[in-house]
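Annotated in TrEMBL:
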TRANSMEM  12-38  transmembrane segment
DOMAIN    30-281  domain 'G-protein coupled receptors family 1 profile'
TRANSMEM  50-76  transmembrane segment
TRANSMEM  88-109  transmembrane segment
TRANSMEM  129-152  transmembrane segment
TRANSMEM  230-250  transmembrane segment
TRANSMEM  262-281  transmembrane segment
Amino acid sequence: FILTGIPGLPMSSYWMALPLCCLYLLMLLGNCTLLWMIKTDHSLHTPMYYFLSMLAVADLGLSLSTLPTMLAIFWFESTSLCFEACIVQMYFIHSFSAIESGVLVAMAFDRFVAICYPLRYASVLTSSLIMKAGGAIFVRGVCVVLPVAILIKKMPFCGSHVLSHSFCLHQDVLRLVCGDVRVNSLYGLIAVILTKGLDSLTILLSYMMIIRAILNIVSQEARAKAFSTCISHLCAVLIFYIPLIGLSIIHRFGKHLPPLTHTLLADAYLLVPPVLNPLVYSWKTKQIRRRILVLLCRR
């Protein structure tokens with residue numbers, strides 16, 4: 001396959017490669033710092049931060065899946081990618097995306113229990129349950145996406161081998177198939193419904209119950225405090241789902257749009273959440289912010 005950089009720009013564009021490198025370094029620094037702080041600070045050994053560490057791992061996986069081809073294009077003008085490598089990259093991108101979506105559901109459940117059943121929080125969200133939830137999220141992401149890769153590996157390709165992005169996405173590879181793609185398209189739709197579709201509905205339902213519980217709180221100050229614990233998670237949900245929904249819509253209904261629109265939305269979907277999530281949680285979470293300040297003061 002032939003990968004595409006940014007339409008309208010020369011393939012070797014150092015002013016584009018440098019910001020990309022900075023974004024990847026910021027992503028690595030932010031997520032690795034979160035994981036290190038959660039591991040070393042025993043006050044952060046709570047369900048909320050365990051789920052946050054899972055989110056950081058998913059973000060790392062999602063970004064590192066695109067890193068080789070993105071940097072190869074902009075630094076070395078290397079646009080060709082063999083078929084097997086493309087399928088592997090596609091599998092990891094969609095698997096980590098499904099895992100991140102599942103982690104956001106687990107974090108929504110954490111906020112639901114914390115606000116609606118605060119006295120039962122410790123008894124419900126036990127270490128055993130968190131480990132089982134993490135395992136289930138990982139297995140679901142790995143297993144649901146596997147048939148997507150197997151099905152497309154058996155398809156014939158002819159004509160153009162030029163992809164629309166700097167990495168391999170299922171929808172993008174599927175349009176180059178010269179055979180019958182109805183089974184692939186149907187299973188791809190089922191996989192999206194079983195992961196992002198169900199997850200988004202579950203998150204929406206959780207927040208409907210959270211809002212109802214917050215509105216029943218008499219004290220205005222207590223309401224504000226309860227809602228403030230959800231802001232970081234809400235930001236993470238919006239950062240993840242808005243580019244995802246936009247990308248899905250334009251892949252199905254926006255074929256008339258300029259290629260730059262597709263490229264920017266795909267890049268935003270894969271690069272923005274891993275970069276912004278650590279910044280959002282560091283800014284909005286008191287314990288993490290205090291820990292960062294302590295580390296800075298020691299230096």
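Backbone N, Cα and C define each Cβ position, glycine as well.
Automatic, uncurated: that is what TrEMBL annotation is.
Per-residue confidence over the domain 'G-protein coupled receptors family 1 profile' (30-281) averages out at a pLDDT of 86. The transmembrane segment (50-76) shares more Cβ pairs under 8 Å with 12-38 than with any other stretch in the list 12-38, 88-109, 129-152, 230-250, 262-281.
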